[in-house]
Structures are given as C-alpha cells and as structure tokens.
Amino acid sequence: MNAPDSTLVKAFLLDLQHRICNGLEALDGSAKFAEDAWKREEGGGGQSRVLTGGTVFEQAGVNFSHVMGASMPASATAHRPELAGRSFEAMGVSLVIHPNNPHIPTTHANVRFFIAHKDGADPVWWFGGGFDLTPYYPYLEDVVEWHQSAKSLCEPFGDEIYPEYKQWCDEYFFLPHRNETRGVGGLFFDDLNKQGFDTSFAFMQAVGNGFLTAYAPIVERRKDTVYGEHERQFQLYRRGRYVEFNLVYDRGTLFGLQTGGRTESILMSMPPLVRWEYAYTPEAGSAEAALYSDYLKPRDWLTL
C-alpha cells in the first residue's frame, strides 16, 4: 500500500493519544486527564485531554484534532502556492507538558498528517512532527539521553535522518528576538513524503511511539529533586519563552487560528502560570547562568 490512507493514520493517532495519556497518568500517580470532545462547524473536530493540578505535572495537554475545509488558509498557501484552490484534511496529536518541579523539563511533541485534494489531480500529502525538550536547570545526562533516544528511533530510516531533523529542530525552535533556542531541541520534520506513504507513515509512528520512551526516564530521575522559591521563580520566568515562541513564531498555532480551529485546544500549550522580568540577568557561576551559556544554543549533544 503506497497510496495515502487517512483512515489508517487517524486510527494510529487516536491510539497514540490514549497510550500517552495513560503513561502520563502513571508517571503522575494522582491526577487524571479530563476529556473534552469538540466539533468544528466548518468540518471535523477532535478531543482535547488535559491534566491539571497533578503531583508531578502542573498541566499536561494531549490534543487530537481532525479538521477539514473546502479551501486552504493563508498560512499554508504562503509556503505551498500549489495548494491554492484545494480542499484539505489535517489531523494530528499535539502535546505540551508543564511539570511542577523546575528540575523536570517542559516538553512538546507533535505528529501530524496533511492531505489536499483537487478534482482531476493527485492528492498532495505529507507528514510532519517531532519532539523537543525545554529544561530549566541543566542536566547534561538528561539532554544526552534525550538525543540518544531520538537518534535511535531515526537509525532504521537512514544515518542522515537524525542529524538533519536535529538541525531542523534547532533552527525551528529558535527565538530571533532573544537570540536563543527555546530549549535543547530534539527532532523536527515536515513535508515528509518522498519515501512514499508506507515509509513516511512508519517514521511518523516511530516518532510518536518514541516520545514517552525518551521523556519518562527523565521525569522519574528528577521528580523528587528538592527545589525552593528561587527555582520556581526562574521556571516561571523561562516559561515566558514558551509563550513568546508559540504566539509569535509557531506555524501550528498560526495555522490553527487561521483555519478557525478550536482556540482552547490551540492555546492548550500555554503554561498555567508565567512571569516576565525586565532585563533579567542570571547570577554569574549559577546553574541559571549555565543554562544560558551552555544549553540555549545548538550543540552536538552526542559527541561532547
């Protein structure tokens, strides 16, 4: 089978959402996800699952959406003018996890499928996705393990995949106005279709399935680390970068808002609490300073 099959993709995505939510509930140990099913007037809908006030996770959102429309939004046709005049179908699972403990990194993952149709023409389709890690306090062990997990899931698809998608992630999750990366990266891919549907779908599944395998050990390792108000305030300050990136640069956020997507689901990635501070400068020699100097820039984490 090499023709695109959106039914197959949707079944995988719904199962992935279910498995990730179960895994996060097990990690948290107390809180449960609340599900909010929704429909979109223009076509499609989804189910948003949100966990709040947990022992480990302050907020975790895992969203499935499947939307369709008769014409493409400006955010899509700007990059792909050949899509103008086509109907479209977009589906995906997107998640963001904001832990309580500043020693546990925030993380984001997304896997998605897009297909556009036009009478008398072949469909235009592709997969996209990835995952990335945003630590507040620098633990080299965690970052190396995260990138090793990313590299391992890429290896069956070719030796060039990890370095290419790792670089793409570094470049995508970058805040030009801050001149820093959002975190320590991971994988990012888009427009994936050149290898045909089966191989492209298999890679997307590997990324989706690999997320919790990469993240759970870091949570287990850091969840009982003692912290105080100083660390909490720094975490809230650094969360501001998440807000800045998502509202100014993130293509998925812009696409969702321009297509009349569900605002609550689109903005599910926002941290529940955040703060800004004028001209913040970390204390020299501190762990906070090490984050800025050593972690918020692209690095080859596997050959240090």
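Placement of Cβ uses the backbone N, Cα and C atoms for every residue, glycine included.
Long-range Cβ neighbours of Val111 (substrate binding site) (same chain, at least 6 residues apart, Cβ-Cβ under 8 Å): Leu13, Leu16, Gly92, Val93, Phe127, Gly128, Gly129, Met204, Gln205, Val207, Gly208. Summarising the annotation, Swiss-Prot assigns substrate binding site to Ser94, Asn110, Val111, Arg112, Gly260, Gly261, Arg262 and lists sequence analysis as the type of evidence.
The divalent metal cation binding site annotation in Swiss-Prot covers His98, His108, His147, His177, and the record cites sequence analysis as its basis. DSSP assigns His147 (divalent metal cation binding site) to a helix in the three-state reduction. Summarising the environment of His147 (divalent metal cation binding site), the number of other Cβ atoms within 10 Å of its Cβ, over all protein chains shown, is 22.
Look at Swiss-Prot and you will find His108 tagged as active site, proton donor, backed by sequence analysis. Long-range Cβ contacts of His108 (divalent metal cation binding site) within its own chain (separation 6+, distance under 8 Å): Ser94, Leu95, Val96, Ile97, Phe131, Asp132, Thr134, Ser269.
Under the heading site 'Important for dimerization', Swiss-Prot lists His177, citing sequence analysis as support. The DSSP secondary structure for His177 (divalent metal cation binding site) is coil.
Over the region 'Important for dimerization' (242-277) the predicted model carries a mean pLDDT of 89. Look at Swiss-Prot and you will find 242-277 tagged as region 'Important for dimerization'.
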Residues of the region 'Important for dimerization' (242-277) by DSSP state, where helix covers H, G and I: 22 helix, 0 strand, 14 coil
Cα-Cα distance linking His147 (divalent metal cation binding site) and Gly260 (substrate binding site), given in Å to the nearest integer: 35
His98 (divalent metal cation binding site) versus Gly261 (substrate binding site) - Cα distance in angstrom: 23
Candidates His98, His147, His177 (binding-site residues) - the one closest to Arg262 (substrate binding site) by CA: His98
